[in-house]
């Protein structure tokens, strides 16, 4: 057996000082940095001045630009002729303008200007940049591009190192000094406190900085399934200041994967030329996930007993609407203009039906006319406009499914495109709207809904509002969350496999360990960092063993000490928390260890049940919340094992062993659960045997009164 390294005692303050020193951010590039210097604008007229830099191969930055604004038809102008001439190309400034023609250049005094070359031109395609008056063909000032200019370029890095939670990606790019492009990102989303994380040092460590996700949020990371995203470093931090980018679990101090940032970066400065996309959703014009920004509107209203969330924003002569709800499979959500003002009238209404097509795995929207309160027969009823010979005026923008919520965004005209079928959306005042949930029929058309699943009183919406937001967020509507899966039981067996798997989200580890009678009815159960022990491929089952018998555990928790996320030695203790190896000596003395830990000649503990790594991983993202049973959940997982052999832990249960123990991870807290120790011949519970579990609980707490058992029974009845 390999010798175990003793802990470094008495050096903790020094270690912290060294780590802090490593974490000090010192930029490797002098600031401010504007890119490669091109030169200074030469003034011929109208007070032209400024210093020009190459930001990247198609963007220039003018520092301190000045111009008196009196030229009648002046623009930025580029070309490849020997001198500025009328044969050049206009460079619009500002780049985003609402008029048909680019705006004439206005007066500037010491303005910093970012210019994007038009029509796919690059700096190597031009010889000069000028401030040019088209009407009088006059050059007010210019700068020439130096021969052999090599502008900064994005840098391609390797992919994320694959360490835990299914994290992987394509080659990551540093687009500019603050922006990272991460293609084909996969992450199961099961880490409880995971973030994009940057810092200094040879390895990712706790002394890093959180990086907002692609939405600009600092919430813990969701799951990703092959998405392409961009993230930007916060505040004044740049890629020159950090040594690595990681996905890091803050609460449990674990690195799920990382990529190193080379010290010889020569990427463009971050001057606003890189437009970060706020979300990456399904794009209906592509067969793959692509960039489509989610509407940034602040208008939001919750209806249908807060089960449907509606966001809206007028965009020119269109209104963009986003619907979000917890839809069941083959269920639709409908929203539109009521058939009568002042009350919810289905007859004569103009609605859009939105749903997720499970066969094509795509969102769908359809414009409906309601001419009769019956299923569409092709002539009348609740019918798609197209089926009646009309047009589908609802245009899909984006759609996604995440955490059990279906969100679909579409646009429709404000005007009634077909007066006989459509109703006008007003922008000057509120109007009555209707909404409903219901099942889809075999044609994927809206079927009848129940009385409780439609608007039952007048609901008014002001489509012209600018900041009408009364939403609390669908994720908070179901405060209790989905119910926990029933606790699993293993009894009457002597051989066990111990592997790692996902904790099961709001149905798994934490809710299963809720109301732990041996720990004073904890209100929220034991915390989880996203993984747990799977014993005989069951999520943290309660194991029953008999005194005097011998049991064998085949442990596949990982044997690579250099990768903490895949190193989970197995041991048995009286601690409901575990993590013996990470505890201080005084804390270790509070635990009694019954198997899986030995001591070397110097008295230092080391784990003995260290075998190859096997993990149940997600086939896509975590489907726990959408899986009513654990058996359904397992079908969304796949077993992946590293080469090697399992460790074998043989445990003979001594006669003096306490009634309750726990199987745990030596290096991490809260991965395991209970082992009930009984005398030979004692009746033990089977799965679903609630009475036996209560009897077992009474044996654990012999002072418990009949009233206490009655309370537990009543709680179980209430839950059922």
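Glycine is no exception: its Cβ is also placed from the backbone N, Cα and C atoms.
Owing to the predicted nature of the structure, the values given are computational and were not obtained by experimental measurement.
What TrEMBL annotates here:
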| type | residues | note |
| --- | --- | --- |
| SIGNAL | 1-27 | signal peptide |
| DOMAIN | 35-146 | domain 'DM13' |
| DOMAIN | 158-262 | domain 'DM13' |
| DOMAIN | 306-438 | domain 'DOMON' |
In DSSP terms, the domain 'DOMON' (306-438) comprises 4 helix, 69 strand, 60 coil
With DSSP, how much of the domain 'DM13' (35-146) is helix, how much strand and how much coil, in residues?
3 helix, 55 strand, 54 coil
Mean of pLDDT values spanning the domain 'DOMON' (306-438):
88
